[in-house]
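Engineer: The structure that follows is given in the form of structure tokens.
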Amino acid sequence: MLRWTRAWRLPREGLGPHGPSFARVPVAPSSSSGGRGGAEPRPLPLSYRLLDGEAALPAVVFLHGLFGSKTNFNSIAKILAQQTGRRVLTVDARNHGDSPHSPDMSYEIMSQDLQDLLPQLGLVPCVVVGHSMGGKTAMLLALQRPELVERLIAVDISPVESTGVSHFATYVAAMRAINIADELPRSRARKLADEQLSSVIQDMAVRQHLLTNLVEVDGRFVWRVNLDALTQHLDKILAFPQRQESYLGPTLFLLGGNSQFVHPSHHPEIMRLFPRAQMQTVPNAGHWIHADRPQDFIAAIRGFLV
């Protein structure tokens with residue numbers, strides 16, 4: 001059975017003053033609470049990729065969804081930086097991608113991670129674009145620290161519980177059940193993992209998304225996403241913290257036309273928390289709008305930046 005591990009990619013060298021900069025961080029010690037009370041969870045130094053641009057323009061920050069990573073937005077970030085001249089930041093959430101693992105996992109602590117990172121990089125106030133889990137993190141960040149968020153884009157997610165439409169618990173269980181022998185070629189290991197996942201997850205696009213987390217470390221294939229933490233805190237990830245304050249900045253809820261994640265019944269809560277919210281639907285797109293309709297996704301962001 002595969003287990004998660006802390007798998008790191010070596011940092012690339014900088015590409016000059018106008019190229020991307022990369023950050024790779026060591027594993028940071030978690031709080032003594034382990035997410036179960038006691039000391040407060042501490043922020044982690046997140047892994048990120050920053051594309052250079054005009055400092056006078058608000059930067060665009062992309063936050064990925066559950067099981068994702070900053071690489072989900074690589075192509076879109078490059079295009080957006082070229083077309084708008086803005087700095088574009090993509091970030092790995094804790095327990096995802098190249099960011100450190102921690103037993104602490106909640107929207108409050110993921111928001112705190114960003115409250116530490118964004119000012120350090122000199123990127124505030126910024127435009128925050130969050131998909132799914134990243135969208136909930138972005139919404140909470142805007143509610144808690146509105147001075148950090150110039151405007152907000154929540155991609156196919158709303159500030160309510162998501163359990164009715166998601167299959168994330170099934171995905172976690174399927175990933176934990178994968179069994180791959182050591183020392184196999186990468187292509188063979190990926191094929192075997194896909195075959196085992198397919199017995200539970202019929203959607204090939206979802207399987208391919210999950211398999212981006214399969215990495216080889218010392219001849220063993222492991223999940224780089226922290227499945228233990230996700231399993232323990234999945235209920236928190238599918239929920240959204242109760243808040244009384246509102247974010248008064250410009251807000252766009254970008255919805256997939258074929259997705260059921262944002263329901264009309266969510267609109268009152270959306271408008272309570274985000275009174276300036278606009279709704280825009282991308283036709284023929286599912287939950288992963290940026291993957292299904294990348295050009296429409298970019299066009300929607302650019303239209304909202306004007």
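Heads up, the Cβ atoms here are built off N, Cα and C, so glycines get one too.
Predicted, not measured: the structure shown is a model, and the values here were computed from it.
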Engineer: Among 19-40, 239-260, indicate the range for which Swiss-Prot gives the feature region 'Disordered'.
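Structural biologist: My reading of Swiss-Prot: the region 'Disordered' range is 19-40.
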Engineer: Filter the recorded positions K78, D228, H287 down to the ones within 10 angstroms of S132 (active site, charge relay system), Cα to Cα, kept in sequence order.
Structural biologist: H287
Engineer: So which one is it: of the recorded positions K78, H287, which has the fewest other Cβ atoms within 10 Å?
Structural biologist: K78
Engineer: List the Cα distance (Å, whole number) between D228 (active site, charge relay system) and H287 (active site, charge relay system).
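Structural biologist: If we compare the Cα positions of D228 (active site, charge relay system) and H287 (active site, charge relay system), the gap is 24 Å.
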